[in-house]
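Student: Supplied in structure tokens, the structure appears directly below.
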Amino acid sequence: MSPESKKLFNIIILGVAFMFMFTAFQTCGNVAQTVIRSLNNTDFHGSGYTSMAIIYGVFSASNLITPSVVTIVGPQLSMFASGLFYSMYIAVFIQPFPWSFYTASVFIGIAAAVLWTAQGNCLTINSDEHTIGRNSGIFWALLQSSNSCTLALILELFGRYYLVSSFFSLESDRRTVFIALTVISLVGTVLFFLIRKPDSENVLGEDESSDDQDMEVNESAQNNLTKAVDAFKKSFKLCVTKEMLLLSITTAYTGLELTFFSGVYGTCIGAINKFGAEEKSLIGLSGIFIGIGEILGGSLFGLLSKNNRFGRNPVVLLGILVHFMAFYLIFLNMPGDAPIAPIEGTDSSAYIRSSKEVAILCSFLLGLGDSCFNTQLLSILGFLYSEDSAPAFAIFKFVQSICAAVAFFYSNYLLLHWQLLVMVIFGFSGTISFFTVEWEAAAFVARGSDYQSI
């Protein structure tokens, strides 16, 4: 297998492994609040929003140390260990208790930080300046297949009305579903062992000197510790650079809209009584169309990356326009109290008659817009910080996760129109800041300069 084929193989395996893991995890996230509302009628008392706030809060703090962890352990073992904790979190739903539910939320927050830092490092070392855009698109399309895969499987195997009963009523059926999801997550975790170490030639962030490689092979534990400390220091240095501060605004927006489409929007759909008997099953259909939008965006931008003469800005512009369209339709189609409605749902009226078709269209638009932002952020980070990929991706996930945690917290209290307004403000600001960094990067590349020297 040629070096280029080996790198592409690694990217595909990386994407497939994440697809299996997040097939299970995203399904939990999409229905967690609704599931827990039904469990609150028993001895269990908890909040899905609170759990997700804990996850993203711990996730944020843990990103400060993950570059050091990935430096010492390596990306492959880091992702495998993290996958085990993801599986543990899903398994908690088989027989949930408040203490196990919130404890698992803490552990998966730590695991997520390690996982995504290792993923960014793995993506970078298997790419070069010509393939980073393509590889980001391939990875994102495979990752986001998770939304459609599990939800389509559940709807096909159990039917829409079974989905309602298994998740919200019958304990034995709920256990069956979450045992299956745990196994799916473990399959993805094992797949990380198929990733091969790429040849050093033409790899982003790798020194091509054979002498340096020999030194790396013979490094002592003390040298590994030194590398870990250096990675920790680099994280703080990168935090205050102009480029990273500007990209952090864009990243903050992705954290806010991640919370919205992965947790809040599904809850809104399930709370609208005017949707009739199918209101809960529409949550699954919404997740499928979010996944379709993500897959379409990732595939399209991955294929076009090599022939894109206009850089990353047009894709980000498309993303914000698509999201603004979705936000406007959601504002018109959903009652304002839908995110904080009680378990009985809401009978409040929206500005227009609430439409299932418009709700599902908005799901697709949310997924498509999200893929626009995330593929381009992965691409620009891997391109600009090829020598410091672990710290750069750790900062990216730190900002994204802390904003997601804040969003999950205020989702318990803010009406829908206020949540949409927050995203509009950050989305506009994040788009402008991304444009600024991309323009500067293009100017330096045109002059043949090293962008990292800025």
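A Cβ is built for glycine as well, from the same backbone N, Cα and C atoms used for every other residue.
These numbers come from a predicted model, not from an experiment.
Below are the features I grabbed from TrEMBL:
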TRANSMEM  7-26  transmembrane segment
TRANSMEM  46-65  transmembrane segment
TRANSMEM  100-118  transmembrane segment
TRANSMEM  138-163  transmembrane segment
TRANSMEM  175-195  transmembrane segment
TRANSMEM  244-262  transmembrane segment
TRANSMEM  282-303  transmembrane segment
TRANSMEM  315-334  transmembrane segment
TRANSMEM  392-410  transmembrane segment
TRANSMEM  416-437  transmembrane segment
Student: Among 7-26, 175-195, 244-262, 392-410, 416-437, which stretch has the highest count of C-beta pairs below 8 Å with the transmembrane segment (100-118)?
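Tutor: By the under-8 Å Cβ criterion, the transmembrane segment (100-118) pairs most with 392-410.
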Student: Look over the recorded stretches 7-26, 392-410, 416-437 and say which has the most C-beta pairs under 8 A to the transmembrane segment (244-262).
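Tutor: Most Cβ pairs under 8 Å with the transmembrane segment (244-262) come from 392-410.
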Student: Quickly jot the same-chain residues contacting the transmembrane segment (416-437) by Cβ under 8 Å, restricted to those at least six beyond its ends, or write none.
Tutor: 243, 246-247, 249-254, 256-257, 260, 264, 268, 312-313, 316-317, 319-320, 323-324, 327, 330-331, 334-339, 373, 376-377, 380, 384, 407, 410
Student: Cβ under 8 Å, sequence separation of at least 6 from the ends of the transmembrane segment (7-26): give me the contacting residues as numbers and ranges.
Tutor: 1, 79, 83, 86-87, 89-90, 119, 122-123, 126-127, 131, 135, 138-143, 145-147, 149-150, 181-182, 184-185, 187-189, 191-192, 194-196, 198, 203, 262, 287
